[in-house]
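The structure under discussion appears below in the form of structure tokens.
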Amino acid sequence: MFWFLESPMALKLFLFALLLCLTTSLSSTASKGKEQKLKFNPYRYTFIDKASTFSSSSSSSFSSNGRDSTYDYIVIGGGTAGCPLAATLSRNYSVLVLERGGVPFTNANVSFLRNFHIGLADTSASSASQAFVSTDGVYNARARVLGGGSCINAGFYSRADAAFVKRAGWDPKLVNESYPWVEREIVHQPKLTLWQKALRDSLLEVGVRPFNGFTYDHVSGTKVGGTIFDRFGRRHTSAELLAYANPQKLRVLIYATVQKIVFDTSGARPRATGVIFKDENGNQHQAILSNRKGSEVILSSGAIGSPQMLMLSGIGPKRELQRLKIPLVLENEHVGKGMADNPMNTILVPSKQPIEQSLIQTVGITKMGVYVEASTGFGQSPESIHTHYGVMSDKNELFSTIPAKQRRPEATQAYIRRNKYQLHEAFNGSFILEKLAYPISRGHLSLLNTNVDDNPSVTFNYFKHPVDLQRCVEAIRLVSKVVTSKRFLNYTQCDKQNVHEMLSLSVKANINLRPKQVNDTKSMAQFCKDTVVTIWHYHGGCLVGKVVSPDRKVLGVNRLRVIDGSTFGESPGTNPQATVMMMGRYMGVKILRERLGNKAGV
């Protein structure tokens, strides 16, 4: 039926490459040529340096040689929110940003759309993405690079709707000033590929209307959104928002891994005084906050990193901290709770003609709270990457007989070393995906150990709530109509397929570590459970009213805030990055205005 797949394993690897399942190792070597000539321009970002250059021997807040004694703001994490936040605060105050990863500017796997899948699949220690697997058996990733998730995502840019802004308690006027601040620097209108046009027409054909054209706004119907990839396929990230910074008042340290936040507990309330971090050589340093009124440590490490850092620093569930012998600074049972991830399911769509690469450009925003999108053309080629079938393969006799939970990393890596260039195939096809916008199901995050470099344990409880499962079933029915619509069939030039046969292909592919009912392909509810993957829009863990106040100050302590997606109770828009970047700018302006009034100049 699917003539372009010459073997059962071809399908597995195809879906694997598309969905970027991270336990299979893909080499991070990009194609040779122009991509290897990327250069970092130090003249634009004179304030970026390696963590090992840190010195605290100077006597002034910001001395002539740029070295530091104390800072008005210490931002933990130079990510999607951290970069615009730091750039804004540096207008009036000294700011230190501590980023555990490197710079994105010289990384070809980050910078080019064609290498999107490579960057996510790279599991090396220097990768811009750090893989983790939730206890649900779903592969996932968190950013480890200046610019955060904007360096490893699919690039789609879409604002939150007015209802989200109202629920967040934000000032609509300042929100509408902060989005354009981001967009002027890094956002573009995409040039639609033929596949994305076919999706647009098919969505309209099956009733996802009206057509809203190109817009950054989150509106029901079918639309074309923004992208952080320019017309040459070059990615522009949150790190480039540092171009707005005052270079005289900003210092960004890369390869600076914060170990914990330091508190003074002698008063009535714990008071943040600084942070301890290690540099790229493993040496420890302490960065100290200024005693000036209003100085703060700001956590901006994302939905995984921020609750993890709070707990490592002594703020969290008492029993969990005691278990790991972490000195208790403040008991808060809500840290790490309320975690959620937007479940995604996909349907493979074959094509009889070559498909150019594209990431998310067109989206259908339905009234039932489901978004339909597509990504295309990310298969293997000799110029791209080499791969093996790894733990996903039925050709791997060792792992095929071992339950997924018993597949140890050491054994996996040994297999990878032996079979790095074992097999290589090319594919032609793509997939349509649906994302559940507002999952009711909630999970939690807990520490496995006290090593900040290790991932914590994360549970999202996909489809635990029956309403989530029912909405997924409705979404799969909608996607089934899309992929069998006249417009799509005209583009793919394939015969109309039996939907259940198409669904069964996805079920049989090893796209996650969840147990599967391969013989129950007619149950769309079972399909949802068996084929769930992430779309990397996880959030929560430091929720407003539970862990932080509406202005993102950590409850019960002084001089500490959390500004990132861990404070969200829902994922904004079809992709959260626009709102997370806007939030960095918004909160920076808000903080400056609160401290300086009209003198802030923003």
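Note that Cβ sites are derived from N, Cα and C of the backbone, with glycine treated the same way.
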Seminar exercise, completed: Bonded to Cys472 via a disulfide in TrEMBL, from among Cys528, Cys542, is Cys528
Exercise. Fewest neighbouring Cβ atoms within 10 Å: which of the recorded positions Val145, Cys472, Cys528?
Worked result: Cys528
Seminar exercise, completed: On average, residues of the domain 'Glucose-methanol-choline oxidoreductase N-terminal' (302-316) score a pLDDT of 98
Exercise. Sorted by position, what residues of the same chain at least six away from Gly565 (FAD binding site) have a C-beta under 8 A from it?
Worked result: Thr80, Ala81, Gly302, Ala303, Tyr538, His539, Ser571, Pro576, Val580
Seminar exercise, completed: Excluding its own, the Cβ atoms lying within 10 Å of the Cβ of Glu99 (FAD binding site) add up to 32
Exercise. How far apart, in Å, are the two Cα atoms that lie farthest from each other among Glu99, Arg100, Val145, Val258, Trp536, His537, Gly565, Pro576, Gln577, the residues recorded as binding FAD?
Worked result: 25
Seminar exercise, completed: DSSP tally for the domain 'Glucose-methanol-choline oxidoreductase N-terminal' (302-316), helix/strand/coil in that order, comes to 11 helix, 2 strand, 2 coil
